[in-house]
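As recorded in TrEMBL, the features of this protein are as follows:
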{"type": "TRANSMEM", "residues": "A:6-26", "note": "transmembrane segment"}
{"type": "TRANSMEM", "residues": "A:38-58", "note": "transmembrane segment"}
{"type": "TRANSMEM", "residues": "A:64-87", "note": "transmembrane segment"}
{"type": "TRANSMEM", "residues": "A:94-112", "note": "transmembrane segment"}
{"type": "TRANSMEM", "residues": "A:151-168", "note": "transmembrane segment"}
{"type": "TRANSMEM", "residues": "A:198-217", "note": "transmembrane segment"}
{"type": "TRANSMEM", "residues": "A:278-296", "note": "transmembrane segment"}
Amino acid sequence: MDIFEILTSAAFWAAAIRIASPLIFATMGELICERAGVLNLGIEGIMVAGAFAGWIAVWAGLPLWGGVAVAFVTGMAFGLLHGIFSVPFGLSQHVVGIGVTLLATSLTFYTYRVVLPEVSSPPKITAFQPVEIPLLSKIPLIGPALFNQTPLTYAAFILVGLVALVLYRTPLGLAVRAAGESPSAVAAQGLSVTAIRMGAVIVGSGFMAVGGAFLTLSAFDSFFFDMVNGRGWICIALVVFGAWKPGKALLGAILFAAFDALQIRLQQTTIGAVVPYQLFLMLPYILSILALVLMSRRAEVPAALMVPFNKGER
Amino acid sequence: MTDKAQAQTVLRLSHITKRFGALTANDDVSFELKRGEVIALLGENGAGKTTLMNILFGQYTADAGEVEVFGQVLPPGNPRAALDAGVGMVHQHFTLAGNLTVWENIVLGTQALGALRLDAKAARAKIKALSTRFHLAVDPEAKVGRLSVGERQRVEILKALYREARILILDEPTAVLTPQESDALFATLREAVGQGLSVVFISHKLHEVMAISDRTVVLRHGKLVAEHATAETSREELAALMVGGEVSAPKIEAMPPGPALMRLSGVSTRGEGRAPGLHAADLTLHAGQISGLAGVSGNGQKALSDLISGLAHPVAGSFEIAGEPVADWSPRRALARRIGRIPEDRHHTGTIADFDLTENAVLETYASDFARHGWMDWKGARAQAEGLIATYDVRCPGPDTRIRLLSGGNMQKLILGRVLETAPRIILANQPVRGLDIGAVNYVHGRLAEAREKGAAVLLISEDLDEIMKLSDVIHVISEGRLSPGFARGTMRAEELGQWMAGEGFAPLTEAAHAS
């Protein structure tokens, strides 16, 4: 199988879209936070917590969508924690974010051991199954790649459209964008910067957790300690890659996922027999860095990103 | 507008008091604003004008007193309530989001956050109508980040008008405007007042106050010291009220010039983007003389000050200091040659905003005078800062205060002190009094005159021709990087200098001059 064959196979693109889905959720979550002016480095830990919370809820008997909801609420709880420290208290967003990541990760592992003290391998659940969309799935190449996915993948794509709509077409979205650019302008118009930023961090964190839950409820059917594996950090880069715009961030997520799907397949080609597989593992990251450098040079960073807003200070 | 006395009172401030720690920013201030009236709120920097308006607008909460708008008492500390009551404020530092368009900035916060759609069409139409009505030309689709300062101010005013503001507060609106833009602003304000709006105009520029206001309220040290119908007072009276005593401008006594301390002959420098470099400039700075450099901003003033302060190098001509040709030029060498610099932008190049006064006081000398064996001598530095604070009358809580909290005048006094304490031979004073109030202006001018008497050569760069003519022994005009010959004090009228400023009298620029 050569590269051309891989790139024109529907199975490859289906895999890319599947791998992209959790990234899309979490990237949208991060994008919402950053557009409001808060860098949320809690993303990695929140994804771990979401993966676990969604999975354990379903294992305990909730329906799959119930698991998604539990993950979302779990993410919002960590978002609230992040928000309290980073918004009204105005602490360093780096420190708060890393703290949240460490806390959420450790708390997840602790809870896992408390709930399942005796098991050596985690129990399995029945995960989301692919749902074929009539007619659309019959389109060559695109059909099987895009329209034979799990409902959670469809939700990820719908979310991108929703985030774009809200950001650019509603008064709320305008307020969020303004809060990330010039909080004093928001305050001068009689709106509460604190409320807007808190809301963005809480909701954004919820989506990050759903991104984590995709791994346990859709991509796999169980929970492992290292399953998030740096995806959160990738999403931070994807927001930059997407120049803080939902559509471009979506493209970035698919691009990264495609590289990831490609490297797995390249390992099985004739080149893979001679080149150490670690080089293939590096491929998506190297190509992402290159793309990031090329794409984000002229990006407009939200001017007040990482700048706490204190009313009354001059 | 004829019967102002009977006109409706739209705004009443009663007994407002506000303290910041030990400082009383507003002390029992009361006044009223009538419909269709322009009140000028006059006072030196730090007199409490902005604090008072921030209380009115709900950004600060007063310790005592209340604000009444159209007969309703405003709840304290709530900008939303002030906005809803019809108060619009144009801040000195604009509150605009640069990545949003003009109409987005204006609409922000005016539509319910729960609304499913942003009504852009209606908003654009309303903005268009307002811009025509009040002569505020601005493209609603433009990104605010791309607009000029004057255009941004128009957006700020539109923001207030869009919300149906009946009372406009403008905090030092002309500080950032060119004279033409100021005139346009005044025309807009007259239009607005004609349509029944009321205006509070905060300023410390007397000629503007005289031009635009019906009544003048003077604040000094947080207290209301006078309230006059503008027509019945004079610039002199207002100036005296503002500073609390007669204003005495420094006198420049004639004295013979000393030896030449710096000589440029035929010096050219490279331009920077749209800013021109110097073209074959001749300039001699003598000890005991103030040389004024007049010119419209952006005509090479920056090139000259960069050259003298060591930030730029000549590409042609000879550059001598005290008779020695200059080689290996750099800011550090400029300091070593005892050139004292008062930079044009005191906030960005003159000081480091989040450093305290002690650190800012030794920025230029920390390595030479306040370090021993590689360790900072903080005790000495602090003593130096305390000395400067006392000698140069820097009003501040103490040497540990971050310098960003100081008013422009006090910041400039510290910079001035930092320069003068090194007993410089040459002083480069670039826009030394821009944005300062009368008291601070006279103080800075007085100190520069004193340095002249002690034998320093002062180069005063200013866009204010009055300032140049008042202080300078010799006046040069700069236009497109070319320097006029020096005109001795009193030999040129302002109109004649203005012609040089417009580029008349210079030899035409040759291609060769451009190439260099």
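Here the Cβ of each residue, glycine as well, is placed from N, Cα and C on the backbone.
Looking at A:6-26, A:38-58, A:94-112, A:198-217, the range that has the most CB pairs within less than 8 A of the transmembrane segment (A:151-168) turns out to be A:6-26. Each of A:6-26, A:38-58, A:94-112 was scored by its Cβ pairs under 8 Å to the transmembrane segment (A:198-217), and the highest score goes to A:38-58. Same-chain neighbours of the transmembrane segment (A:38-58): 22, 26, 29-30, 64, 66-68, 70-75, 78-79, 82-83, 86-87, 93-94, 96-105, 107-108, 111-112, 115, 125, 197, 200-201, 204-205, 208-213, 215-217, 222-223, 227-228, 230-233, 235-236, 305-306, counting only residues six or more beyond its ends whose CB sits under 8 Å from a CB of the stretch. Through the fold, the transmembrane segment (A:94-112) approaches residues 39-46, 48-49, 51-53, 56, 78, 81-82, 85-86, 122, 223, 225, 232, 306 of its own chain, all at least 6 residues removed from its boundaries and within a Cβ separation under 8 Å. For the transmembrane segment (A:6-26), the list of distant contacts is 43, 47, 140-146, 148-150, 152-153, 156-157, 159-160, 207-208, 210-212, 214-215, 218-219, 231-232, 234-235, 238, 250, 253-254, 256-258, 260-262, 264-266: same-chain residues at least six beyond its ends, Cβ to Cβ under 8 Å.
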